[in-house]
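Structure first, commentary second.
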Amino acid sequence: MELFMSLTIGVLFAVGVYLILSKSLLRIILGTSLLTQGVHLLLLTMSRLKTGAPPLLGEKADAYVDPLPQALILTSIVISFGVTSFFFVLAYKAYQKLGTDNMEELRGDEHE
Amino acid sequence: MNNLIVFPLLIPLTTAVLMIFLHHHIAAQRWISAVSMVLNVAAAVMIVSQVRAEGIQTLYMGGWVPPYGILFAADMLAALLVLTTAVIGTACLLYAFRTIGEQRERHYFYPLFQFLVAGVMGSFLTGDLFNLFVCFEVMLISSYALIVLGGTKRQLRETLKYILINILSSTLFVAAVAYLYGVVGTLNMAQLSTRVAEAGQGGVLNVIAVLFLIVFSLKAGLFLFFWLPGSYSAPPAAVTALFGALLTKVGLYALIRTFTLIFYNDPGVTHAWIGGMAGATMILGGLGALAYSDIPRILNYNVVISVGFIAFGLSVATQDALEGAVLYLLHDMVAKALMFFLGGLIIAAAGTDRLKEMGGMIGRYPLLGWLFFVLALALAGVPPLSGFPGKLLMLRGGLDAEAYGLTAIALASSLVVLYSLMKIFMQAFWGEEKPEFAAQPVKPSRTIWLALGMTAALVVLLGIGSESVYALVSQAADGLVHPQSYIEAVLKE
């Protein structure tokens, strides 16, 4: 199971990196989202995908899954959610003011 | 257990929350933020004296004994950095009062400033890797907002790149944490250290160490600094001073902490990487500082050079070199803040940031000119000033460890720093007075003079009084050379 997850995460990373290297700003933001998805799955996978009850003591099971990575992922999700929404608004504002979403045209001053 | 060490985080955090409600009352915001920064300095002084007297202080959040809960740990390095951050933060705040502009003040400048300080303090004090990630994000998200606040075209353009790079490095940080958790099964730094040592660092742990090196290098601007010169020239001087003095140094602190506490077992691999990157950083940063003739670029490349310089001390990792690195880190935070303050004033006075269009300013602004001169000497490491003792110790460490090539690069980089800053001094302050000076002559207000005076006095005092600082610094370096003391203090129960 870990192998399949690793392959999926690898594909997510590859697609994310490919999108980040493109010219259009929206594709770049989508790329960062895919990367964060990949990394959250990686956190889940790296704590071993053993079968066990959900981490609720009421389940009274013999074995539970590791609760720590779930908390880490939850933290990371809300952080990346905040950053992504800020990034979207920034891209919108930049499009309004600079009139382009092409990163090639956002190089800067002529002497740089 | 010591509740005092959470105060450097708690004070700016509560102040920031309070000030969100007061965003129309600019005078109130100024007063409250200034008072809170002074309180923070007082708390930091108390922490330093406590760590000096009683050794490493720890605080277990919610009473959970490590490794199960989150903990704060203040060793001497963290305590000194917290104190420097509090002092520099105060200076930046005073400088911002008259330079940042009412528009920005109305739009939550002070709360964002306090959130940034809270993130920096948290990063210095935390004893948990994932908590470090969260504090990094607190710091970075406030820095995104501070860098774009004002919304000029240039700021928008550079912020897009800055955010992208930092999202990328944060993603890599989480990936590195995931790998490390997968291998050793803990996130508490002290327990990580023992488990990495037990596992015998090598193979996969070295790969993870290099991944951490890449992550923190992106944040600190060590070799992977391609984003830094552009991003740091976009925001106003008060914000750049805050970034140049604090943000890159947090990355450096994280590097020092990880590679002296967790991944210290195989220096042949990890520290060789750091050494190579440090050498390349000094060379490339030096080339940048020589190549450009506009003030922001020259100053930004000087930030890069000093990051490389401190990383050189870390890569050598003898007691001497680490003492030097800590001492130089403290000096550099102060001096870089002063450098950006003065740079901002020079640009405002000349009405341009191009050196070619400046000249003869010493007649109108003598004090500014001589302050800049003293600063240039201090950054280059001329003896009575603050840059000298740190540099000397690091070079001695480098020679003792027989890292001759790196030591030579480090020495040469001091010359480049001196040349690039003297270029600014001579072209801006000497020569014929250019007629196209800004019509309104710049008169620094009292708060600006206070900020300049504070940092300049520190630059001089850290040099002259380095003997008294040295006792503290060598205690910090002792802790870095012997990570066992940190582990025992944290895991003692």
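For all residues, glycine too, the Cβ spot is worked out from N, Cα and C.
TrEMBL annotations:
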{"type": "TRANSMEM", "residues": "B:6-24", "note": "transmembrane segment"}
{"type": "TRANSMEM", "residues": "B:31-48", "note": "transmembrane segment"}
{"type": "TRANSMEM", "residues": "B:68-96", "note": "transmembrane segment"}
{"type": "TRANSMEM", "residues": "B:108-125", "note": "transmembrane segment"}
{"type": "DOMAIN", "residues": "B:127-414", "note": "domain 'NADH:quinone oxidoreductase/Mrp antiporter transmembrane'"}
{"type": "TRANSMEM", "residues": "B:131-150", "note": "transmembrane segment"}
{"type": "TRANSMEM", "residues": "B:162-184", "note": "transmembrane segment"}
{"type": "TRANSMEM", "residues": "B:240-264", "note": "transmembrane segment"}
{"type": "TRANSMEM", "residues": "B:299-317", "note": "transmembrane segment"}
{"type": "TRANSMEM", "residues": "B:337-355", "note": "transmembrane segment"}
{"type": "TRANSMEM", "residues": "B:367-386", "note": "transmembrane segment"}
{"type": "TRANSMEM", "residues": "B:406-426", "note": "transmembrane segment"}
{"type": "TRANSMEM", "residues": "B:447-465", "note": "transmembrane segment"}
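Within the same chain, residues 302, 306, 331, 334-335, 338-339, 342, 345-346, 349, 361, 392, 414-415, 417-418, 421-422, 424-425, 428-429, 444, 452, 456, 458-464, 466 sit at least 6 positions outside the transmembrane segment (B:367-386) and bring their C-beta atoms closer than 8 Å to a C-beta of that stretch. Residues 70, 101, 103-104, 107-109, 112-113, 115-116, 118-120, 122-123, 156, 158-159, 162-163, 166, 170, 173-174, 177, 219, 231, 234-236, 239, 242-243, 247, 250, 254 of the same chain sit 6 or more residues outside the transmembrane segment (B:131-150) yet have a Cβ under 8 Å from a Cβ within it. Residues 220-223, 225, 228-229, 232-233, 244, 248, 251-252, 255-256, 259-260, 264, 267, 271-272, 274-275, 277-282, 284-286, 288-289, 292, 324-325, 328-329, 332, 336, 339-340, 343, 379, 391, 394, 397-398, 401, 403, 406, 409-410, 413, 416-417, 420-421, 481 of the same chain sit 6 or more residues outside the transmembrane segment (B:299-317) yet have a Cβ under 8 Å from a Cβ within it. Here the transmembrane segment (B:447-465) has Cβ contacts under 8 Å with residues 87-88, 90-92, 94-95, 97-99, 330-331, 334-335, 337-338, 341-342, 345, 371, 374-375, 378, 383-389 of the same chain, all six or more residues outside its ends. Count of Cβ pairs under 8 Å against the transmembrane segment (B:108-125): among B:31-48, B:68-96, B:162-184, B:240-264, the largest is for B:68-96. Residues 4-5, 7-8, 11-12, 15, 18-19, 22, 57, 74, 76, 79-80, 82-83, 85-87, 89-90, 93-94, 110, 113-114, 117, 121, 472 of the same chain, all 6+ positions outside the transmembrane segment (B:31-48), place their C-beta atoms under 8 angstroms from a C-beta of that stretch.
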